[in-house]
Amino acid sequence: MTGVLPYLTILYYLIVIVFFFSILLRNKHPLKTQSYLLVLVLLPVLGIIIYLFFGVDTRKRKLFSRKAIADQKLLQAWSRYYADFLSKSKSDLVELLQDKWRIPFLSWRNSFAPLFLQNTITILNNGEEKYPVLFEKLQTAKHHIHIEYYIITEGKIFNRVCEILEQKAREGVEVRLIYDGYGSRKLKNKTLRRLAKAGVQTGEYNSVLFPRFANRLNFRTHRKIVVIDGKTAFTGGINLADNYVNGKRKWPKRPKMWRDVHCMIEGDACYSLQLLFFLDWYFVSNIALNIGPPYFPRENNEGTSPTLIVGSEPDSDSPNIMETYFQLISLAQKELFIATPYFIPNESIITALKTTAKSGIRVVLMLPQESDSFIVSAASYTYLGELIESDVEIHLYQKGMLHAKTIVIDGEVASVGTANMDYRSFDSNAEVNAIIMDEEVAGKIKADFENDLKDSYRLSLAEWEDRPIAQKLIGSMARLIAPLL
């Protein structure tokens, strides 16, 4: 064995050198490059494993090259068929939205996502409000039900969904379900066979070969999408699992509140969520669904909430979600409220927050005091000092786990969706957010946010600086690999 050891050592260093230069040559994200190099050098053997799991993007090119071609065809068909929705000029948007015209213009420029004017938006707080409405709407389906979730777990909630899907499939309704290969890894094959027997079509997004060892943590669908007959849709932060119903979730020490936000959309903006589902359905099934009725029904909707859907993919040409967040932060004129469970911002977001706050605009960032991810929470905490110094208010939610991903600017525009304010949501995952340009809806989300502030406390700079040395050390170490989290 001792005779083999020198050769293994040489082989190891050769591998490290190859990976080292491979990381340098990619050079897409300087902070990520720095993090991978540090991990590779400071963590022998483990660093190589981490890089193989998180850093190698050859699998990404292989996975998404075929998808990119299909996406382009679908988007071209979409833009031809719905040219009237996509023809809003810059002057039209300026007249309609005044100083907020840049939000839909950016969305259209990045991903052909139009602003739909006629929508009715219902804000649903926590699982207790979402699930009864979801069950009710699923039972009204006449032609199709399309569902896509990051986390689906066995239990009362998903069992009820299965019962409805089976019933609808037997009635002749087209039912399609996309589940993430990692987030829904506990979904049983028996359940999938049960659904298939009833006629429900299912597809796994980026399957995981060894779930216990998580060999494909990157490139997940983090979306939560439901589309019913192309007329009603749901999106937001709430997955399909019993622990999203308060009183059911088991924490290590004591029961806690799970604070989350979802929204129901009735109107033309459902088309954009439908399109995102179409793109992902082709990815998981290699079957292209047809653009046009009855998946995209032409109806005169009476809603009055202008809404656009911003989606991002692991293979997106632009970081759509990140650029939208940056735009929202920069457009605030009076106040900016942000809730996010995981806060690992890039330099662009940090700069936008600091600049906005230093310009005299009230900026309030709400994070969970007690997170379900220790290392992410430790890394997040290291960013807070410079924000507080720039007059950003940091409030830590104490009632439980804050999982909502919401933004409200000036009480006029709101974002509700799946994207966290972190590198993974910006760069690696399929995400979706609804941007709602309606004062009544934005006012509702703002009021809920202010109510949550009553269950939070404001972190002071003195408290942040006086945290224990061990906490500072762990946080600093976690921040070194923050772009990988």
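Positions of Cβ are set from backbone N, Cα and C atoms, glycine also.
Those TrEMBL annotations? Automatic predictions, nothing curated.
Note that this is a predicted model, so its numbers are computed, not measured.
Taken from TrEMBL, the feature transmembrane segment covers 6-25 (among others).
Taken from TrEMBL, the feature transmembrane segment covers 37-56 (among others).
Annotation comment: TrEMBL describes 217-244 (among others) as domain 'PLD phosphodiesterase'. Same-chain residues lying 6 or more positions outside the domain 'PLD phosphodiesterase' (217-244) and placing a CB less than 8 Å from one of its CB atoms are 53-54, 59-60, 63-64, 124, 126-127, 130-131, 134, 137-138, 140-153, 155-158, 161, 178, 180-183, 205-206, 250, 258, 260-267, 269-271, 273-274, 276-277, 280, 294-297, 299, 309, 311, 314, 341, 403-405, 416-419, 424-425, 428-434.
Annotation comment: TrEMBL describes HIS222 (among others) as active site. In the three-state DSSP reading, HIS222 (active site) counts as coil. A sphere of 10 angstroms centred on the C-beta of HIS222 (active site) encloses 24 other C-beta atoms.
Taken from TrEMBL, the feature active site applies to LYS224 (among others). Sequence-distant neighbours of LYS224 (active site) (same chain, 6+ apart, CB under 8 A from its CB) are GLU148, TYR149, TYR150, PHE234, THR235, GLY236, GLY237, ILE238, ASN239, HIS262, THR418, VAL432.
Of all the Cβ atoms in the protein chains shown, 21 others lie within 10 Å of the Cβ of ASP229 (active site). The feature active site is assigned by TrEMBL to ASP229 (among others).
Listed by sequence, the residues of this chain that lie at least six past the ends of the domain 'PLD phosphodiesterase' (398-425) yet keep a Cβ under 8 A from its Cβ atoms are 32, 100, 103, 123, 150, 222-224, 235-238, 246, 256-263, 310, 312, 321, 324-325, 328-329, 331-346, 349, 366-372, 376, 431-439, 441-443, 445-446, 449, 452, 455-457, 482-485. Per TrEMBL, the feature domain 'PLD phosphodiesterase' maps to 398-425 (among others).
For HIS403 (among others), the entry in TrEMBL reads active site. Taking a C-beta cut-off of under 8 angstroms and a sequence separation of 6 or more, HIS403 (active site) has the following same-chain neighbours: GLY237, ILE238, TRP258, ARG259, ASP260, PRO341, PRO368.
In sequence order, GLY236, GLY237, VAL261, ALA339, THR340, PRO341, SER415, VAL416, GLY417, THR418, ALA419, ASN420, MET421, ASN433 constitute the residues six or more apart from LYS405 (active site) in its chain with CB-CB distances below 8 Å. Here TrEMBL flags LYS405 (among others) as active site.
Feature annotation from TrEMBL assigns active site to ASP410 (among others). Cβ neighbours within 10 Å of ASP410 (active site), excluding its own Cβ and spanning all shown chains: 18.
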| request: Can you grab the distance from ASP229 (active site) over to HIS222 (active site)? Cα atoms, rounded to a whole Å. | output: 23
| field | Composition by DSSP (helix, strand, coil) of residues within the domain 'PLD phosphodiesterase' (398-425) | value | 3 helix, 14 strand, 11 coil
| query | Could you give the number of helix, strand and coil residues in the domain 'PLD phosphodiesterase' (217-244) as assigned by DSSP? | reply | 3 helix, 12 strand, 13 coil
